[in-house]
Amino acid sequence: MIATTGKVNLLGLTQPQLESFFESIGEKRFRAGQVMKWIHHFGVDDFDAMSNLGKALREKLKACAEIRGPEIVSEDISSDGTRKWVVRVASGSCVETVYIPQGGRGTLCVSSQAGCALDCSFCSTGKQGFNSNLTAAEVIGQVWIANKSFGTVPAKIDRAITNVVMMGMGEPLLNFDNVVAAMQIMMDDLGYGISKRKVTLSTSGVVPMIDELAKVIDVSLALSLHAPNEALRDQLVPINKKYPLDVLLAACKRYVSRLGEKRVLTIEYTLLKGVNDQPEHAEQMIALLADIPCKINLIPFNPFPHSGYERPSNNAIRRFQDILHKGGHNVTVRTTRGEDIDAACGQLVGQVLDRTRRSERYIAVRELQSEPGAAQTASNRS
């Protein structure tokens with residue numbers, strides 16, 4: 001466990017929350033905007049560096065507040081430019097954050113939980129069990145750390161982080177309030193100013209919270225589908241037993257229709273050799289998604305030890321994609337990035353204190369550091 005100070009962590013407060021905080025300590029609400037800019041635009045964690053605040057206010061803030069992000073354990077850089085940070089959160093567990101540069105975009109993949117309770121059979125994170133929800137400060141803190149690493153100001157045109165996907169460790173909708181607060185900061189011009197179309201939340205299908213999400217925030221939605229029929233999805237994504245496909249897809253349709261503006265649902269489908277990659281599975285997907293505005297992202301399986309699954313051949317992947325194309329769907333195949341530093345989709349594991357198995361040991365599915373020679377470890381921890 002990481003020791004707490006009892007002070008209010010301003011890093012995870014939205015603008016309205018920060019305004020209320022300043023009112024509670026007898027200060028004007030406009031101070032919230034000043035402090036948010038220092039924190040998120042410039043990566044400042046020292047009140048003394050906030051030059052437009054008077055000394056008395058800086059001293060008051062030092063007495064009752066702090067700006068504290070997760071602790072960086074390691075930062076690895078892949079041969080393809082992908083970066084991965086392993087960060088330690090207050091529970092003592094480690095989670096992972098991945099930055100993927102591609103063309104003129106920079107996508108940050110953010111974790112929402114330490115471990116995951118959903119136990120999807122092909123995902124290394126799920127093999128750890130669940131430890132804890134991340135706080136709002138720990139979720140947005142991953143963006144804060146990455147942005148500081150690049151030394152860029154979010155408002156600039158040449159920003160490093162253009163997109164954020166809640167597709168890291170954990171199920172975001174099972175940490176609803178903290179994830180929503182973090183996404184609000186991401187989209188706030190006083191935070192990171194990221195367009196609502198460029199913030200995406202991925203869910204395995206927590207149906208009640210999909211409806212709640214549509215009421216409070218406008219972000220893009222991705223569904224981790226991975227199977228085109230009930231029996232197979234029950235096997236691969238166990239939450240399907242609680243929220244079957246007809247109920248789940250109806251909720252997704254409601255969400256997309258509320259957004260309007262020609263928004264579509266992203267379907268994520270991990271291809272597993274001999275399991276869900278056959279022509280009949282593609283045909284079933286076409287029928288299943290016939291009346292849903294969507295785009296399909298095929299993800300060839302990224303191996304990890306003892307998974308029991310294999311990546312399909314390139315021919316099998318192309319065949320699956322071609323069938324979906326002929327069925328009228330917009331289909332892409334995700335390029336595997338960061339595989340040499342275990343940063344590819346489905347490989348994020350961190351190090352999680354195993355509470356679901358009621359023991360006091362640590363699960364370490366892999367070493368926190370990459371094997372020698374597999375990646376360049378960054379020396380700059382700022």
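Quick reminder: no glycine exception, Cβ is built from N, Cα and C everywhere.
Per Swiss-Prot, the features are as follows:
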ACT_SITE  Glu96  active site, proton acceptor
DOMAIN    102-342  domain 'Radical SAM core'
DISULFID  Cys109-Cys345  disulfide bond
BINDING   Cys116, Cys120, Cys123  [4Fe-4S] cluster binding site
BINDING   Gly170, Glu171, Ser202, Ser224, Leu225, His226, Asn302  S-adenosyl-L-methionine binding site
ACT_SITE  Cys345  active site, S-methylcysteine intermediate
Point to revise | the residue listed as 'active site, proton acceptor': tally of other CB atoms within 10 A of its CB | key: 27
Review point. Near Ser202 (S-adenosyl-L-methionine binding site), how many other Cβ atoms are within 10 Å of its Cβ?
Key: 20
Study note, to complete from the structure: Densest Cβ environment (other Cβ within 10 Å) across the recorded positions Cys109, Cys120, Cys123, Leu225 belongs to Leu225
Review point. In angstrom units, rounded to an integer, how far apart are the Cα atoms of Cys123 ([4Fe-4S] cluster binding site) and Ser202 (S-adenosyl-L-methionine binding site)?
Key: 14
Point to revise | Rounded Cα separation (Å) that holds between Cys120 ([4Fe-4S] cluster binding site) and Gly170 (S-adenosyl-L-methionine binding site) | key: 11
**Study point:** Spatial separation of Ser224 (S-adenosyl-L-methionine binding site) from Glu96 (active site, proton acceptor) - C-alpha basis, Å
**Key:** 19
Point to revise | Length of the line joining the Cα atoms of Ser224 (S-adenosyl-L-methionine binding site) and Cys116 ([4Fe-4S] cluster binding site), in Å | key: 14
Check your understanding: Where among the binding-site residues Cys116, Gly170, Glu171, Asn302 do you find the Cβ with the fewest other Cβ atoms within 10 Å?
Key -> Asn302
Check your understanding: Given the binding-site residues Ser224, His226, which one has the fewest other C-beta atoms within 10 angstroms of its C-beta?
Key -> Ser224
Revision key, fill the gap. Cys116 ([4Fe-4S] cluster binding site) and Gly170 (S-adenosyl-L-methionine binding site), compared by Cα position, are separated in whole Å by 5
Review point. What mean pLDDT does the predicted model reach across the domain 'Radical SAM core' (102-342)?
Key: 93
